Each structure stands twice: as structure tokens, then as C-alpha cells.
Amino acid sequence: MNLDSFFSFLLKSLIMALSNSSWRLPQPSFFLVGIPGLEESQHWIALPLGILYLLALVGNVTILFIIWMDPSLHQSMYLFLSMLAAIDLVVASSTAPKALAVLLVRAQEIGYTVCLIQMFFTHAFSSMESGVLVAMALDRYVAICHPLHHSTILHPGVIGHIGMVVLVRGLLLLIPFLILLRKLIFCQATIIGHAYCEHMAVVKLACSETTVNRAYGLTVALLVVGLDVLAIGVSYAHILQAVLKVPGNEARLKAFSTCGSHVCVILVFYIPGMFSFLTHRFGHHVPHHVHVLLAILYRLVPPALNPLVYRVKTQKIHQ
């Protein structure tokens with residue numbers, strides 16, 4: 001199967017997953033509450049969220065523009081950074097506009113299919129972002145442990161294939177979400193206690209059995225995060241081992257500094273994400289509005305901070 005036919009297959013699978021004709025019952029629209037318990041303060045909460053979204057848009061578009069326009073930045077590190085910026089734009093834009101509309105003007109209704117599309121883009125591209133962080137760790141490993149062969153190992157063809165694998169993984173893992181959700185029967189109460197269509201928030205509204213949905217969602221989350229964090233950890237273990245062999249403190253600090261921006265981005269992405277995931281799944285005593293706020297911030301804070309981190313930590317981007 002060639003690349004074109006494979007992507008055609010993926011597209012057909014996605015269309016089938018979203019198609020109403022495959023299922024017996026028409027599905028209702030949903031109503032997004034926003035931040036339950038903080039309805040009176042939602043206008044004020046929307047202000048910092050809007051600023052974060054604006055920072056994400058300006059910062060990531062700027063990163064993409066700089067890398068596109070400067071041929072000297074067409075290297076593996078910056079090409080992976082451009083992938084990260086593009087993904088951050090999608091993640092932020094798939095949630096923020098609707099969330100802000102809910103908080104500011106009470107535009108709470110969202111169609112069933114639109115809800116699924118929003119959820120698909122949010123979760124699929126978050127998975128892709130995790131994959132790009134693994135690719136960036138691989139790039140740092142090759143740059144530090146095999147510096148003389150860096151350009152031959154990670155040439156543009158290899159970078160393109162890595163990007164394709166990251167994209168396909170995100171799509172393949174999330175298409176079953178849509179298929180499983182389409183099989184659920186929803187009760188009359190279609191009110192989502194959230195500001196956007198989050199997977200578990202939608203699953204909890206179903207009247208039918210949701211064990212498979214819950215199990216698959218948990219499996220995908222643990223699989224993606226577990227394997228990706230393991231890969232990043234192994235890469236940095238080798239990097240640390242190589243750097244400690246470098247003679248002289250100044251040379252070691254210089255080697256470590258090349259990884260500084262990537263380490264910051266990893267921490268910004270995984271720590272809030274894991275905290276949000278664990279509190280949503282297992283933090284039954286945590287107030288619901290805290291769950292929602294954490295989930296919204298997780299979709300906006302990394303896209304807003306990543307360009308700032310790379311601007312400060314990377315000399316070429318700063319210049």
C-alpha cells in the first residue's frame with residue numbers, strides 16, 4: 001500500500017466514523033456549561049484565557065514564519081520545532097474559540113458531529129505533540145552523542161518520515177474513539193459540564209455501557225504517555241552519560257544548554273497533562289471546576305509558552 005492509498009484509507013475511516021448514516025438513532029446536540037460553579041466569574045476567567053490564546057497564535061505563527069524564511073534554520077532541530085508550532089496552533093484553536101464563546105456570550109450549544117470533530121482534533125494533535133517531543137529528544141541524542149553524523153542520520157528525508165509516523169499514529173489511535181462514541185446511546189440530559197468536548201465528559205453522558213470506551217481511552221493515554229516518556233528518558237540517559245564524559249565544566253554546561261529549551265517544553269507539556277489526567281480520572285474529591293480549569297489551561301499554556309521558551313533559550317530564534 002503506497003502513501004496516497006494509505007492516507008485515502010485513513011480519510012475514509014474518519015468520514016465513516018463521523019457519518020450519521022451508519023447508526024440507527026439520530027444523536028442530539030450538546031450544551032456546554034463552561035466552568036460549573038463559576039458561572040458568575042466566567043467573563044473574568046475568559047480574559048486570561050483569551051490572552052493565552054492570543055500569545056499561542058502570535059508566538060507559533062512567528063516561529064513558523066522565522067523558520068520558513070531563514071534557510072539557515074532548515075535543520076532537524078528547527079524543522080521539529082516548526083512541527084511543534086503547527087501542532088500547538090491546532091490544539092489551541094480546536095478548543096479556545098468555542099470555550100471563549102461559551103464563557104463570554106453563552107454560545108453553549110454544539111452539534112453532535114461538531115463535538116466529535118473538536119474532540120478528535122484536540123486529542124489526536126495532543127498525541128502528535130507528544131510524538132514530536134520524542135523526535136526532538138532523538139535529535140538532541142544524535143546531536144550530542146553522534147555529532148559528526150548528525151546531518152547524515154537526520155537528513156530531511158528521515159525528518160519527513162518521522163513527521164509522517166507522528167501524524168499517522170495520532171490519527172490511527174483516535175479514529176476508534178469516534179467509532180466507539182457513535183455506538184453510544186445518550187440520555188435526555190446532554191449537558192456537558194465542560195467548556196469544550198472532552199472525551200470522558202462526553203462518555204459520562206451515555207445511558208448505554210461505556211466500559212469499552214473508558215478502557216480504550218485509558219489504554220491510549222497510558223500507552224502514548226508511557227512509551228513516549230520512556231523513549232525521552234532513554235534518550236536523555238544516553239545524553240547525560242555522554243556529557244559527563246566531556247572534559248571541563250564549561251564544555252559540559254554548553255552541551256547541557258543545547259537541551260535546555262527542550263527539557264523546559266517537556267516539563268510544560270507532561271506535568272500539567274498528567275496532573276489534569278490523574279485528577280480527572282481518580283481525583284474524585286477535587287472540585288469539578290478545578291478539573292475543567294486544568295483541562296482548559298492544559299490546552300492553552302503549552303502552546304503559549306513553547307514559543308517563549310524557544311525564543312529565550314535558542315540564540316538563532318532570539319536573533
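Glycine residues also receive a Cβ, built from the backbone N, Cα and C atoms like all the rest.
In terms of which side of the membrane each occupies, Swiss-Prot places S29 together with P287.
Considering N20, N60, the record held by Swiss-Prot lists N20, annotated as N-linked glycosylation site. By number of Cβ pairs under 8 Å, the transmembrane segment (118-138) is matched best by 158-178 from the list 44-64, 158-178, 215-235, 256-276, 292-312. In terms of C-beta pairs under 8 Å, the stretch of 44-64, 73-93, 215-235, 256-276 lying closest in packing to the transmembrane segment (292-312) is 44-64. Broken down with DSSP, the topological domain 'Extracellular' (94-117) shows 18 helix, 2 strand, 4 coil. Each of 44-64, 73-93, 256-276 was scored by its Cβ pairs under 8 Å to the transmembrane segment (215-235), and the highest score goes to 256-276.
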